[in-house]
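Participant: When I checked TrEMBL for this same protein, it listed these features:
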type     : residues : note
DOMAIN   : 3-78     : domain 'HTH OST-type'
REGION   : 139-159  : region 'Disordered'
DOMAIN   : 162-232  : domain 'HTH OST-type'
REGION   : 224-265  : region 'Disordered'
COMPBIAS : 246-259  : compositional bias 'Pro residues'
DOMAIN   : 263-333  : domain 'HTH OST-type'
DOMAIN   : 430-488  : domain 'Tudor'
Amino acid sequence: MTDVELMKRMLRAVLAANKSGPGVSLSRLQSEYKALTGEQIPHKQMGHASLDTLLHSIPSVVHMERNRTGEMVCFASVSSETAHVAKLVARQRTSKTTGRPQMVNCQMRVKPAAPLILNGRVCVCVCVGGVPTNFKENAVSGKPKPHHYPKDYNPSPGGNYNPQQVQGRIREVLNKYSNGFWVSKLPQLYRELYKQDLPSEAIKDLEHWTHICTVEKPCSSNPNELLLYPSKPPTTPSTTTMSPLPLTPPLSSPRPPASPSTLSPDLRQKLGELLVKYSNGLWAHGLPKLYLDTYKTKLPEHVLENLSLLSDFCTIEYPMPDNPKRAILYKRTREDNHNRRESVEERRAREEVGRRLSTQTVPPLLIPREEYPSVLVGEAANTNGVILRYIGEGYSQAQEALEDKMREFYCCQDNNTRTRDKKSGTPLASLTSGQLAAVRTEEDEEILRAQVTEVMADKVKVYYVDHGFSEVISKAKVFELHEKFFNLPFQATKCQLAGLEPFCQEPAVLKKFESMASGKILLAEILERGQTPLVVLYDTSQDDDVNINAACIKALQDKTLASPLQVNSAYMNVAVRSVCSDGTFYCQLPSRGLAKLTEILEKAEAYFHSQGTSEFLVSRPFCGKGCLARYKGKWSRVEITNLHGSRVLDILFIDLGVQASVEVIELREVPPPFLWDLIAIPPQAVKCCLADLTVSGVGSWTPDAVQWFRDAVLNSTDCSVKIDKLDETKRSVAYVYLFPDKNFQDPARSLNRQMACSICNYMVQTLSKSVSAAGHNMDIYVSVACHPGHFVVQPWRDMYKLVVLMEEMILYYNKTEEKPLKGEKNQIYAAKVENNWHRVLVKGVLTNGLVSVYELDYGKHELVSGTQLRPLIQEFRLLPFQGITAQLAGVKLRQWSEEASILFRNHVEKKPLVAQLEAVQDAHHPWDRKLTVFLVDTSQEEKDVWVHDIMAEFVDELTKEV
């Protein structure tokens, strides 16, 4: 079965197995697929830039539609082969979600400070054979940069600590930021407002100043982060307020206790709802836990003490007469209750209550306290008012529970007929704009909360307050909203996208936002917690996190001003601006955009000289924000890439490819006269790799090689490049031939050729050094063992590199449809052995089409079909061949018997050991080189086992027997 067919089958299984309702949301599809298969849908390996394009290319497997909330949902395409499966799944579906909860986009990915990056993969070294490898952590230290303060800044004089003054100032700060903020931000806010440092003692005293503030430790990935809020005002029992829903389910606020002889209407309603779910009865002693799990609040104690309070709406049975506390509760059916006709007076009273309730207010929606909540993004007429809904407990989950209760309350149905409760199912007689109501949707499937926005002759326009969209429906579908459905805040809210304020209604921005964000579940980084929060949105469903705000800004770029990139084209007067440690480099090509950029930045320089720059200080930095910073004495465009607290951040000079860490006071906003012009110019730094010298998945260049490269071309403006190919999947990387001057006609003069020779020499030197000193110990793995006179070892320290290399070879050769080639003796190729691709040396070509090959990394001899040979490209030649031939030291060379060979293999083959080098037999080719080593098994705690001692004892025993 091909990879594509396997993917299709797995995808069908995911879509068919979904029991949470018809279809799987696009934002959840990758996690569902990974839960089933252990890996994500490999859309890039199948030639598609995004998951969307892959799904659209296989309509026989999946089709996509937008649901009522605007979210894209994937459905299994039903064929004659899968129709019976779809019917079975449909029977299994329930109205409520079951199974394990899905954590969607719940946390930002943490990028390690210095990971081992291998062709875009982060490698993790694992233990093989039960023997761990010791790794030492390298501590990197550096001197901090001096802090530059504004001219009017004065430190706290003499270090005097005045608690009363600090308390007053903190109260002023909290009044300004009433929604709270991180404690780590307090020193910066204090310094900005009062031009003094916040005394360190004050941070320690915050928890004790309960009359000033409230310190709270949130559930976050950083245990040291604390939240600071204004102190909560004391409440009196006589004051009744509607509290917004909490983020986490603590016990509800204390209420005046109901009289022991009665039940409150709210408690009565909740108990009735619980008993409906247990038609076969519910033990009374299980009621408190069930009530707490369902409503997140304790059941009043007097209920169990006096079960007769429940007798008017449930039946109570005592199966154990000698134990009155053991009772079973049954909810009475409609037939059990007294059913009578509603009087005119009751109907008028009910309508009056309905009118009163329909204009009742609901509690405000609180912004989640976590820094990166998940949100479902809706539509946006402009980026200053994007509709979204928060995902999680207390938000989307509470909304789903409420809508389930509304469906049950307003729609009573059996298998064949639908009957409506007269009190809950009667349409409203009169409607007014602004009125709240319960609305049956056009599909007649859901009952949702809505607000009337326009009343027409026989129809009405309503806005669904929990979903954020409007609809025109029949008046017959609008009902009274019961008072118990007012407790949950409206879930549809608005946010403002940071950095897009001047471009909030630009068609290109809104089009990009619609394609990248609408209907998707994303992460929202909350920068300001106001009535309309200021946020940055991230899509974390792909391999790399995508900053939606930054992507919308880039939609305004004029592509005609981008650097020209055409395959087989040559460019002179190229400036190399940055060389990275992995061998990639950034250069500037002559272009119309570069000329315009230079002109605008010169004008901005003059503008800053005339106006001053202090008023353009960046007050609120965030990832993806574009601004200006100094580079070699001139202002240049930068993008913020990471923040380290409130003072230090990482930036990328987007026109130079240079990364740096600076203080926030070193950044400046782009002056308004130049904003639109600078936004329109795409980044002028082109990311390049040397063609035929691709940075492989087995490691970075050596420091010496990088330094040689930098010395040769860095900051030279007279280079030439010839573009060999473009790789759009790796963020538009250009593979080029680089020349140090304008002469690009002679390929031998390219830096590519010079670097290739340097790397080959380095590989030979590295391999020689790794086995070069007698008495040197090294960790090895014995891949093949014939007898003590011939076995093959692999250096343990590079085994993970070999694993990654073979993964890269599988990805490359399995999707490359090159014609088979004719293998030649003593030449190196890539060969497919079973299901893996190996680096091999051809030892002989047989007449029957088979080829005898030697696996250069494992030391095995194999016979393969000649059709399984492929050229071994330069990228896969950088890692030295890992299979090294060896013989055992400490024993005499002899013709080893079968028994001795078996004994030797049992002790060493497929095992990690320590090899102590005795001698090296050098050769021209690395695969002909041979080592003489002692082998030591260090896996036993009591002692080390020297293999040559075992073999010597065995030979002695045989000699005695003879």
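Each Cβ is built from the backbone N, Cα and C atoms, and glycine gets one as well.
Situate these features within the shown structure.
Facilitator: Sorting the domain 'HTH OST-type' (3-78) by DSSP state (H, G, I as helix; E, B as strand; all else coil) yields 33 helix, 12 strand, 31 coil.
Under DSSP, residues within the domain 'HTH OST-type' (162-232) fall into helix, strand and coil as 35 helix, 10 strand, 26 coil.
When pLDDT values are averaged over the domain 'HTH OST-type' (263-333), the model yields 79.
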Participant: Does the domain 'HTH OST-type' (3-78) come near the domain 'HTH OST-type' (263-333), with 3+ Cβ pairs under 8 Å (pairs 6 or more apart)?
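Facilitator: Answer no, regions not in contact.
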Participant: How many helix, strand and coil residues does the domain 'HTH OST-type' (263-333) contain under DSSP?
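Facilitator: DSSP composition of the domain 'HTH OST-type' (263-333): 33 helix, 10 strand, 28 coil.
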